[in-house]
Each structure stands twice: as C-alpha cells, then as structure tokens.
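Straight from TrEMBL, the features:
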COMPBIAS  28-37  compositional bias 'Basic and acidic residues'
COMPBIAS  58-72  compositional bias 'Basic and acidic residues'
COMPBIAS  97-111  compositional bias 'Low complexity'
COMPBIAS  317-326  compositional bias 'Basic and acidic residues'
COMPBIAS  347-366  compositional bias 'Basic residues'
DOMAIN    125-220  domain 'RRM'
DOMAIN    228-305  domain 'RRM'
REGION    20-118  region 'Disordered'
REGION    302-366  region 'Disordered'
C-alpha cells in the first residue's frame, strides 16, 4: 500500500537538463538511416542501371554506324571538293598558258613588226649598186658615195667563190672569186634617207672601162616604170650589160640595163630589161625585134604590168555569158515550164464490138 500511495502523490516539478550528446546521436542515427536508405535504393535500382548500359551499348553501335556513314559522306564531299579545286587549278593553268601563248604570240608579232620597221627603215637608207667589176673594193665605193652623206656600211653580194667549200662571205673578205666571174653587186647603207636619194644621181656612171653601174633604192616601194621599159629575150648567157647598152643606145638615153643572172654561177638566164628615159625610145627599141646580138636573134617586147594587164576577150565575155545563163535559168524557174505538146491520139469513131461467147463454150462453162 505504501508504494502505491507514493505513486498517487503530487508529482515533483520537473527539472530541465540540457543533453547535447543526444542531439549528436540523433544526427548520427539520421545519417545512418539515410545511408541505409541509399544502400537499399542502390540495391533496388541495380537492374535498371544494367538495362541502361545495354541501351547505351545499342545506341553506341547505331551511333557508330551513323558516324561511319557521316565520315564516309564527309570524305566523299572532301574528295569532290578536292577534285573541283584541282579542276579549277588546271583551268587556271590552261588559261595562264593560253594567255602566255597569246602574250608570246603578241610579243613575237610585236618583235616581228619592229624588225620589219627597222628593215624598212634600213632599206630606205640603202642603195643597190649593180654591174660592178670584180676588182672593186670598199674604198672605191666610199670615195664614190661619200660626197652624198655619211656611210654606215658597205656589203658586197653576188660573189662566186673560187671553191665550193668557201662561202660567199669568206670569198668576199679574202677576195677569192671565181676566175670566170666578172660582175658583182653591192649595198651601200647611208645614215639618212635623203643621202640615199641623192646617191641615185650616180646611176649610169662608168666606174671602170666597160662597166656602167646601176644605182637604185633597195626598198620594195621603188616602182619600175613599165612604160619606159623593154623586155629582152633569147639573150646570150655570157652577155655583159654594156653590150646591151651599146646595142640599144641608138634608140635613146638609157637609164639602166638589167640582165637577170644565176646566183650560183653568175651567168645570164637569157632575158633582161632596158629602162629608157623617154617613152619615145621604146617605140624605136621595138623595131630592133629579131635583131642579132652576139650571134643570137633577140626578142624585144613591151613590159606589161601583171596587175594592169587587160583580160583576154574570151575571159571578159565568159562572166557575161554566165550571167545571161543565170538570168535565163531564173526566168525559166519563175515561169511555168512549157515543153513540146504531144500530139493526141485519134480516137476511132467505130463502135466497139461486144465479145460474145459461143453457145457450146457457154454450155460447157455452165
């Protein structure tokens, strides 16, 4: 009874005491509970992680295939780009080569034009001197032409070397000329063109006994007057220019005589030309046609320009006839063609008999 009564006694006031250690224990217990929960969750979530790994593997294989395809496409694109770049480079090279060829061609043409201009200018300043004796030297020509102006150079041409092995240049320098050669030509180049025009006054001068020189401009623009010229044919091969001059000096004053010769032998080719001062001398020279010169009957004719040569009457008529034919053909084509009318056959007025089959044959056919 005593202990029971003590139970029902008034309770003593509670005493509050701080317990810091219990809080720490609670925190530790809570942390332990969290760890255990995490472990339990990890144990529970293990099977889905494996599924994710399998899915990742499957995805990785598909991704690899896709990446391989993408890489292959990228490589193909890169190859195409490289090909296009190479083609562009080739086209640029071709274009540059074509430009270089064009530039080289234009440069070559420009150089050729410059050379032609220089050659033409030099030709305008150059004088041709023909029918010179073989013994002629540069000093003789200089003494003859120096009074007209300053001379740049003198070149001898139409030399026949004494030996075949020696060139013409060496033969001119060493004066090794064939003994049968009697004529040489030369070119005198002046410093100015007006001096070359003045030097033409020496045309026809007798530089040696039996040698009347022929002086003319070396340019292509020098026109030969065909109205004052005469063509000579059937000339002797070993004829001299002075022999022709002596044969035609009766006709009138002679400006120049040219006998066409072979370059290699120096012999004449059988024809030549004579240029007179007046056209009246041409009429007198034509009278010497079939005259004898050095044992040959020479032929004397007028000189006609090829450009101004008149067409033969047959050639002149031919195009007209063609034009007339063309006109006729056109007129025939435009109008309806009318040929010869055929005579119609006469129709017989007799009536045609009808073919009748005999009775016997008709019965048999039945």
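From the backbone N, Cα and C atoms, a Cβ is placed for every residue, glycine too.
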*With DSSP as the yardstick, break the domain 'RRM' (228-305) down into helix, strand and coil residue counts.*
16 helix, 30 strand, 32 coil
*Going by DSSP, how much of the domain 'RRM' (125-220) is helix, how much is strand and how much is coil, in residues?*
28 helix, 34 strand, 34 coil
*asked:* Using DSSP, what is the helix/strand/coil residue split across the compositional bias 'Basic and acidic residues' (58-72)?
replied: 15 helix, 0 strand, 0 coil
